[in-house]
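The transmembrane segment annotation in TrEMBL covers 101-118, 151-173, 185-205, 240-260, 266-287, 294-315, 327-350. Marked as Ca(2+) binding site by TrEMBL: 142, 144, 155. Summarising the annotation, TrEMBL assigns Zn(2+) binding site to 202, 329, 333.
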Ligand SMILES: [Zn+2]
């Protein structure tokens, strides 16, 4: 019934808002249902002096609203922890399934990537709708319709979902601040910078804001590559020569993106993509050496989220006019965010193994996963 109502909402309400509202409404309906049950169970019916049939609360003497809130919370926690128990029991099976899905995703990526390379993108380049930020000077215009939902934000869904990177970065820093070396905190901080840059880019479609999105992605790769290069270092040894080479390469990549990418994103995609390839390969080698199931779980999850997001990004760019209502770029933001977060967790895990620190992976799902020191025995 809920799905029916949502699919027939007025057309002014865009699809992402409907999708976001669905769980909230489902939660409210569930809460209301529990409140009604509690009320029925703990109340007593009587007829007032005016002859009106009424009910009065006969439950424990505590505040009714407080009890209702506690009931709702308990109900959801029980449902969630039951699901968690099943998930933990089948962890290895889940890992195998994840790997199978990953193989399918990677196989699908290849032809779509080839199509994009041969034919070029088919996205929102011809969208002439004007808005607050004036001429669209960015070298790319994504599939989402410009200024469709707001006069002040060019791509509302893409802009808002960029902020999930900011939240992930802040969570990463807060959850690991006492556990990890500075470079890992810098890695989490780069999520915040990328998220804000991405928000500005999607909101304005200006070239200057596009650089605020793309350049931090290249710089973050530099931090990630340094993390992988120094994975087996003992203590705080500093790799002066490598830092200088990495810094020079980063400056060159920055200049190349600024100078040559005025018509398209090719130089950026080349610089960023080659960094990602190096990171994937390094992470794979770490997992092979570690042979730990948690490391493999983190690696597979990271790959699946990132590659899944990239697959949707490719579909969006190749078939924009057919898939526009699906807002697939939004899911690229989620996939890249969670995938990169899982990759940083993997590097923290591997680093802890190198330093012989006992750690555990905590959290109920990828959204709350974090590495923590193992409890003392
Ligand atoms: Zn984006």
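Along the chain as shown, the residues are counted starting at 1.
Using the three backbone atoms N, Cα and C, a Cβ is placed for every residue, glycine included.
For the binding-site residues listed here (144, 155), the lowest count of other CB atoms within 10 A around the CB belongs to 144. Each residue contributes its Cα atom, and for residue 202 (Zn(2+) binding site) and residue 155 (Ca(2+) binding site) those atoms are 5 Å apart. In this chain, the transmembrane segment (327-350) touches the transmembrane segment (185-205); three or more CB pairs sit within less than 8 A of each other, excluding pairs fewer than 6 residues apart.
Each residue contributes its Cα atom, and for residue 329 (Zn(2+) binding site) and residue 142 (Ca(2+) binding site) these two points are 8 Å apart. Counting every protein chain shown, the Cβ of residue 329 (Zn(2+) binding site) has 23 other Cβ atoms within 10 Å. Long-range contacts of the transmembrane segment (294-315) within the same chain: residues 91, 95, 98-99, 101-102, 105-106, 108-109, 112-113, 116, 276, 280, 283-284, 286-287, 323, 328-329, 331-336, 338-343, 345-346, 349-350, 353, 361, 366, each at least 6 residues beyond the stretch ends and with a Cβ under 8 Å from a Cβ of the stretch. Straight-line distance linking the Cα atoms of residue 333 (Zn(2+) binding site) and residue 144 (Ca(2+) binding site), rounded to a whole number, equals 14 Å. DSSP assigns residue 142 (Ca(2+) binding site) to coil in the three-state reduction, outside any helix or strand. The Cβ of residue 333 (Zn(2+) binding site) has 24 neighbouring Cβ atoms from other residues within 10 Å, across all protein chains displayed. Sequence-ordered, the extra residues of this chain that approach the Zn(2+) site, with Cβ no more than 8 Å from the Cβ center of 202, 329, 333, are 142, 144, 155, 157, 158, 159, 161, 162, 198, 330, 332. DSSP assigns residue 202 (Zn(2+) binding site) to a helix in the three-state reduction.
Residue environment of residue 202 (Zn(2+) binding site) contains 26 other Cβ atoms, counted within 10 Å of its Cβ in all protein chains.
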